[in-house]
Amino acid sequence: MSVKKKDLITLQDPEAKYPLPLIEKEQISHNTRRFRFGLPSPDHVLGLPVGNYVHLLAQINNELVIRAYTPVSSDDDQGFVDLIIKIYFKNVHPKYPEGGKMTQYLENMKIGDTILFRGPTGRLFYNEPGTLLIKANKTSEPEKKLVHHLGMIAGGTGITPMLQLIRHITKDTSDETRMSLLFANQTEEDILLRKELEEVATTHHKQFNLWYTLDRPPSDWKYSSGFVSADMIKEHLPPPGEDTLILVCGPPPLIQAAAHPSLEQLSYTKDMIFIY
């Protein structure tokens, strides 16, 4: 008897916890890693709707630590799930001398060690071209939003949910949804997934626009510098409109001090903004 497709979905129950083993680890930069976790069989997929994410759970120093991550792999990938994660080491940031609990835990995992996954989780679903389903909160019914142009503001590892959508939309030749990404980082070295983003921007130049801003740019930098501003949004993202949606993901200062006030200043209404 053939195995049903549904049986090959790893995340069968969003409330359950699934232990998955670390099968590969790649150093992307001095503080960023790609972690590959194995699924129950080589034929399994994760089972994550586009727009959703997973939680990782670990007992660290007698405390249950839970963090949300968007995989950079998709349900086209069988047998594994990939996460790209920035490690927050201790004694690097004066505000956080202890560093990140979960990211340092992941950094110290050995091949074969398992960690608990839970999901899918999320309020955003991208089911068909130009159509998003958005829940106001976890328990509410999703509302449909038709989108012609998606604007994206990402900071640091906040790029991963954007990449999930960018890949999905550009892969589907029938999907004509336009996308514009404003990607904020501290330094040029911090730009995650740059090669892939620039390849997409070249291959799908009519559909996808890419712009960067850096806190500490090099002298020959040709993009923007400083915090995300109203001027940057005005120049590089779609204007307010019924079929516009601006997605925002990144650290709290990016959202609270930069993106949100700037979008409000430019008259984007609540239904035109989605914050991960």
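Even glycines carry a Cβ here, placed using N, Cα and C.
Record features, source Swiss-Prot:
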type	residues	note
BINDING	107-137, 146-181	FAD binding site
DOMAIN	15-127	domain 'FAD-binding FR-type'
MOD_RES	Lys17	N6-acetyllysine
MOD_RES	Tyr18	phosphotyrosine
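Averaged over the domain 'FAD-binding FR-type' (15-127), the predicted model has a pLDDT of 95. Remark: Thr160 (FAD binding site) has Tyr69, Thr70, Pro71, Val72, Leu83, Ile84, Leu192, Cys249 as non-local neighbours, by Cβ distance under 8 Å and separation of at least 6 in sequence. Neighbour list (Leu116 (FAD binding site), Cβ cut-off 8 Å, at least 6 residues apart, same chain): Lys17, Tyr18, Pro19, Leu20, Leu56, Leu57, Ala58. Cβ-based crowding with a 10 Å cutoff singles out Ile169 as the top-ranked of the binding-site residues Phe125, Ile134, Ile169. Counting only same-chain residues at least 6 apart in sequence, those with a Cβ under 8 Å from the Cβ of Arg178 (FAD binding site) are His148, His149, Leu150, Gln207, Phe208, Asn209, Pro238. Sequence-distant contacts (6 or more apart, same chain, Cβ under 8 Å) of Gly151 (FAD binding site) comprise Met179, Ser180, Leu182, Ile233, Leu237, Pro238, Thr244, Leu245, Ile246, Leu247.
DSSP classifies Arg178 (FAD binding site) as strand under the three-state reduction. All protein chains considered, the CB of the residue listed as 'N6-acetyllysine' has 13 other CB atoms within 10 Å. The residue listed as 'phosphotyrosine' carries a strand DSSP state (E or B). All protein chains included, Glu107 (FAD binding site) registers 17 other Cβ atoms within 10 Å of its own Cβ.
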